[in-house]
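Novice: Dumping the structure here so I can ask a few things about it.
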Amino acid sequence: MKKANKKQKGNKFAKKVVIPAALALSVTFTGFAPLSTYAAIQEETNQIIWNAPAGLSKEEVVKAYLKSQVAAPKSFGASSSNEQFKVIDEMTDKSTGTYHLKTVEQVKGIPVYGTGQSVALDDEFNVIASFGEVSQKLAGANITTKASLSEDEAITITKSEVETEIGEVKDYDGIESELTILPLDGKYYLTYLVKASTSQPSPGYFHYFIDANSGEVVHRFNAMHGADTEVVNARGLDLFGKMQTFKATKNLETNKTHLHSVETIKGNAVNIHTYDARRMPETSFILLSALLGFTGFEVETNSSFFYDPAAISAQSNSLKINNYYQNVHSRNSLDGNGMKIISTVHIGDKWNNAGWNGKQMLYGDGDGAYFSSLAGALDVAGHEMTHGVITNTANLTYSGESGAINESIADILGVLAENHFKPADQKNWDIGEDVYTPNIPGDGGLRSLEDPKTRSLSPAYGLKDNRYPDHYDDRYIGELDNGGVHINSSINNKAAYLISQGGEHYGVEVNGIGEAKLGKILYRALTVYLVASSGFAETRDAMVQAARDLHPDINSQPSAETQAVMAAYEAVGVTEGE
C-alpha cells in the first residue's frame, strides 16, 4: 500500500511543555472543549480535608473522621455494634484512584432512620469529600433499645391502620418490618418500621412507625411515587429565537409542567429530561453528580410555555439526536436499552464547556466571547450524547490514541447527526460553529473536520504553525490534554471527511461515498470491533472490516466503499495494524 507523501518527524517533543491548568480531563468526564476548567476541578476535588492517621483501614478512617465531626463525641460502648457509624457500602473508583464509603448512624446496632453520610478517600485514605449531616446529640441521648412488642404484633397493627385508611386488603403485595430509631420533633423513638405494599383496593406503599413498646403509631406516610400526570403539548423559544414544540409532563397535583417527555420511535420509549443547575459552580456540580447522582433542579412552568431558552435548546437537541440514533442506527437510546437521557443547563458561571460525565450531558452558558451557551448547538449535543454511546459500547480509554479516537467519533457522529436534519446547502463539517466565538461571524467552529489546519492551537503544544494536525506524522506527543485527545482527534476527523466527501490529501486521491455510508460504517466499527485500547491503526482496521461487512468484496476485490476507507486512512498516514 502506498503511503502518503509525508516525512516522519523527528523527536521535536523531547522538551516537556507545561501550561497552567492544562486541558486535563478525567476519564469519567469527556469535555467538549480543551479548556482549563477541569484541571481546576481535579485540584479542588482532591484537596485533603482530613488527614488519615497512620495504620487505619478505610472503614476505620471513615468512622474516625465522622466521629471527629461530633462536637462532644461519646461512645455507646466497646463493641462495633455500639459505634455511632456503620459502613453499609464501599465503592472503588479506579478512574480517579478514590474510594467512596457510605454510612448510617446507629444505636447499639439499631439504625437511625433518615441518617446517612458519604465520604470520599484518596489513595492514601485521606478524606477529600464528605456529604450528609452528622447527628450531634445521638450518643448522649437516653434511648431505649429493648422492645416489648413483637414484630408480628407491629405488622398486625399496621395492617389494621392501612385497612382503616383504604378498606379491606385481601392480599398484600409485600410487607416487611425492621427495628429502627426514629428521630422526630427532637426526640428519639424505638419503633418498628413496617412497609406495606398494596394494589387493591387502592395502590400504596405505606410506611408505619409503630412504637416498639406502646404499640402507638408514631409516624406514617404513603411512599407511593407517581403523582397524577398528563402529557401536554408545550413550546418555547430556543437560544436562537426559534419556536420549538415538544411534549412535556404536567403534574396534576401541583399544576406545574416539567421539561420531561417520553419519545417513542419504532416502539422504543425513551425518557428525555432537562434540568437546571442554577449556575452551581461546575466543580461542585460534577462532584455531586458523580457521588450522589445529582441532576439539578426541575425546569417548570405554570403554563405550557417554557421561558428558559437554554433548557429549550437542550431538550429539543436531545430529542433530535435520539431521533437520529433511533432512525438511522436503530439504537434505543445511549445504552441501546432505552436509558433515560438527561441534560443539565446553566452549569457554572460562564463555564466555557460541555461534557458527558458517564450518566448525563452537562452544558455551560459560556462567557459570551469564546462561547455562547453550549446548549444551543445541535452538533455539540450530538458530540456529548455520542460519548454516552461510546461509554456503553467500546468504552474507549480517555487518554492517548484511544482518547483521541473517542473524541473523534464524538465529533464525527455529532456532525453527521446535525447534517441529518439540514438541507444539503446548509450542511457543514465544523463542530460547534453555532456557539463558538459568537461575536465573530463566519469564523467556523472550534474544530474543522474538513480542514483541521484552519484552526489554531496554543503554542504550548509545539505543533507546526500552531495548527491542528491532519496527518499521523504530525500528531502531538506529550502529556497535555490527556495525551492530546482533543488535538489528535483531528487526524481521524480528516479521514472521516475524506471517506464521505472525497478529495486529494498529501498526494492520495479518495473517492467519497457520502455521509450516510460513512455513518453506517463508523457506527458498526464502534459497536462491533473497537475496544477500550483501540488506537489509530486498530480504528483503521475496524473501519475497513466494517466497510467489508456492509459492502462485501466483489471478485476478491474491495468494494468502492472499502477502497474509500483504505485510501482515506492512507492519506492521513495511518496504515494497517500488525
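Heads up, the Cβ atoms here are built off N, Cα and C, so glycines get one too.
Pulled from TrEMBL, these are the listed features:
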- 1-39: signal peptide (SIGNAL)
- 83-126: domain 'FTP' (DOMAIN)
- 149-218: domain 'PepSY' (DOMAIN)
- 248-390: domain 'Peptidase M4' (DOMAIN)
- GLU384: active site (ACT_SITE)
- 394-574: domain 'Peptidase M4 C-terminal' (DOMAIN)
- HIS486: active site, proton donor (ACT_SITE)
Novice: Mean pLDDT over the domain 'FTP' (83-126): what is the value?
Specialist: 92
Novice: Using DSSP, what's the helix, strand and coil tally for the domain 'FTP' (83-126)?
Specialist: 0 helix, 27 strand, 17 coil
Novice: Would you count the other C-beta atoms found within 10 angstroms of the C-beta of HIS486 (active site, proton donor) for me?
Specialist: 27
Novice: As a quick check of your reading of DSSP, tell me how many residues in the domain 'Peptidase M4' (248-390) are helical, how many are strand and how many are coil.
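Specialist: Within the domain 'Peptidase M4' (248-390) the tally stands at 48 helix, 43 strand, 52 coil.
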Novice: Residues with Cβ closer than 8 Å to the Cβ of GLU384 (active site), same chain and 6+ apart in sequence?
Specialist: THR30, PHE32, ALA354, GLY355, TRP356, MET361, LEU362, ALA410, GLY414
Novice: I'd like the per-state residue tally for the domain 'PepSY' (149-218) from DSSP, helix first, then strand, then coil.
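Specialist: Reading the DSSP string over the domain 'PepSY' (149-218) gives 16 helix, 33 strand, 21 coil.
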